[in-house]
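Lifted from Swiss-Prot, the feature list:
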type	residues	note
ACT_SITE	Asp248	active site, proton acceptor
ACT_SITE	Lys270	active site, proton donor
BINDING	Asp22, Val23, Leu43, Ala44	NAD(+) binding site
BINDING	Pro225, Gly301, Gly302, Asp303, Ile306, Thr331, Ala332, Met382, Gly411	S-adenosyl-L-methionine binding site
MOD_RES	Ser128	phosphoserine
REGION	1-204	region 'Precorrin-2 dehydrogenase /sirohydrochlorin ferrochelatase'
REGION	216-457	region 'Uroporphyrinogen-III C-methyltransferase'
Amino acid sequence: MDHLPIFCQLRDRDCLIVGGGDVAERKARLLLDAGARLTVNALAFIPQFTAWADAGMLTLVEGPFDESLLDTCWLAIAATDDDALNQRVSEAAEARHIFCNVVDAPKAASFIMPSIIDRSPLMVAVSSGGTSPVLARLLREKLESLLPLHLGQVAKYAGQLRGRVKQQFATMGERRRFWEKLFVNDRLAQSLANNDQKAITETTEQLINEPLDHRGEVVLVGAGPGDAGLLTLKGLQQIQQADVVVYDRLVSDDIMNLVRRDADRVFVGKRAGYHCVPQEEINQILLREAQKGKRVVRLKGGDPFIFGRGGEELETLCNAGIPFSVVPGITAASGCSAYSGIPLTHRDYAQSVRLITGHLKTGGELDWENLAAEKQTLVFYMGLNQAATIQQKLIEHGMPGEMPVAIVENGTAVTQRVIDGTLTQLGELAQQMNSPSLIIIGRVVGLRDKLNWFSNH
């Protein structure tokens, strides 16, 4: 992060703009909207500045830049078409420990100004760090269309209710659940937009007096195979509402960066052949946190119901009477194959797909005879350590040694790596790869050279 986003309180504080043209005028509007006590210095001014000065909204200082104008300032903006003058303003401000923005020269500035979506008191700022103002503007336009104009009224009304809500609800968790109900209540939003005081009061009283469910809950969320862009919208909503997020090592850092900042994070990383935290203990963590009345998200790589032990975890919650729900995720087989250019089914090569775990509970045995049949695709999860055995068993049961195979490491991530070969090479290929990896076996692998679209490291 090159810039720390902050919101400045400038009301009745001295600010300086050097420049009297159109660019300076746009900056002046923002500072005036923020209530700043504004001085503008330039050799000449466009008419808007004169109009503002005549209305007593700002002070004009006509003439060359004088560094003493900065002596009482909190913030300055250099907005002239003279690079040397802008640099001089910046250096003078720096010497006085005053933040200074230099228009169109972010490297010379000590702060930059973002694109703003104004739903006062709710404010959203978008910045590209000065590298691409056009991109920031396009993002702002998209956000403008997503955020209702009356959102500011809802935020302002919430501010008026804070004291009462604090008295009504004893804990932070209860208050947060109330606010979540209020902010998604369409009737209240519409009543505020229409200034319908009777409806506002009725809806508010109903929301405040409606009993809250003090039980916690657990939401099982599939994080997808790695690329944060593959996290579902509902999954994103859940991790941003969670009090506690229990996650494993298959959840990428990019996805964890989307978690609500003040949520507790509990790492229970697991890998094939080694469990950092025993499954029974994970079950108890979920139960314990939910019994405290917290909203718990169990965040799992891929899909929680495909080799994710989601069923085992939910059985514990069900037996204890804890409410739960499930948000599916894109499973590794689907994500890794798509990002590797390998269709799992194809009219000419595969009419079915089998998803198989590479390690079983002690004493488990696969139906190798059926797995060795043609016209299907096999996908082995967590099979890297058993690759040589998989190779041997499939060949023993009749699968041709030249059957195409691929191993996908860190599928869908920028560090994705894919190697392919034949079944007779599977054990050898596996020694070149690291976990997490997925093994794909079938004629469809032969289409990879033609259909691969994602970079291969």
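Using the three backbone atoms N, Cα and C, a Cβ is placed for every residue, glycine included.
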Recorded NAD(+) site residues Asp22, Val23, Leu43, Ala44, farthest C-alpha pair in Å: 15
When distances run from the Cα of Asp248 (active site, proton acceptor) to each of the binding-site residues Val23, Leu43, Ala44, Gly302, the nearest one: Gly302
Which of Asp22, Asp248, the listed recorded positions, has fewest other Cβ atoms within 10 Å: Asp22
Residues within 8 Å of the Pro225, Gly301, Gly302, Asp303, Ile306, Thr331, Ala332, Met382, Gly411 Cβ centre (excluding the S-adenosyl-L-methionine site residues themselves): Gly224, Leu250, Phe307, Gly308, Gly329, Ile330, Ala333, Gly335, Cys336, Tyr381, Leu438
Other CB atoms, at most 10 A from the CB of Leu43 (NAD(+) binding site): 12
Surrounding CB atoms that lie within 10 Å of the CB of Ile306 (S-adenosyl-L-methionine binding site), all protein chains: 18
Same-chain residues at least 6 apart in sequence whose Cβ lies under 8 Å from Gly302 (S-adenosyl-L-methionine binding site): Gly222, Ala223, Gly224, Pro225, Leu250, Gly308, Gly329, Ile330, Thr331, Ala332, Gly335
Alpha-carbon distance [Gly411 (S-adenosyl-L-methionine binding site); Ala44 (NAD(+) binding site)] in Å: 60
Inter-residue Cα distance where the pair is Gly411 (S-adenosyl-L-methionine binding site) and Asp22 (NAD(+) binding site), in Å: 50
Count of other CB atoms lying within 10 Å of the CB belonging to Val23 (NAD(+) binding site): 16
Closest of Leu43, Ile306, Gly411 to the residue listed as 'phosphoserine', Cα positions, binding-site residues only: Gly411
Cβ-based isolation winner (fewest other Cβ atoms within 10 Å) among the binding-site residues Pro225, Gly411: Gly411
S-adenosyl-L-methionine binding residues Pro225, Gly301, Gly302, Asp303, Ile306, Thr331, Ala332, Met382, Gly411: largest Cα-Cα distance, in Å and rounded to whole number: 16
Environment of Asp22, Val23, Leu43, Ala44, the listed NAD(+) site - residues of the same chain whose CB lies within 8 A of the CB centroid: Gly19, Gly20, Gly21, Ala24, Ala42, Phe45, Ile46, Ala79, Thr80, Asp81
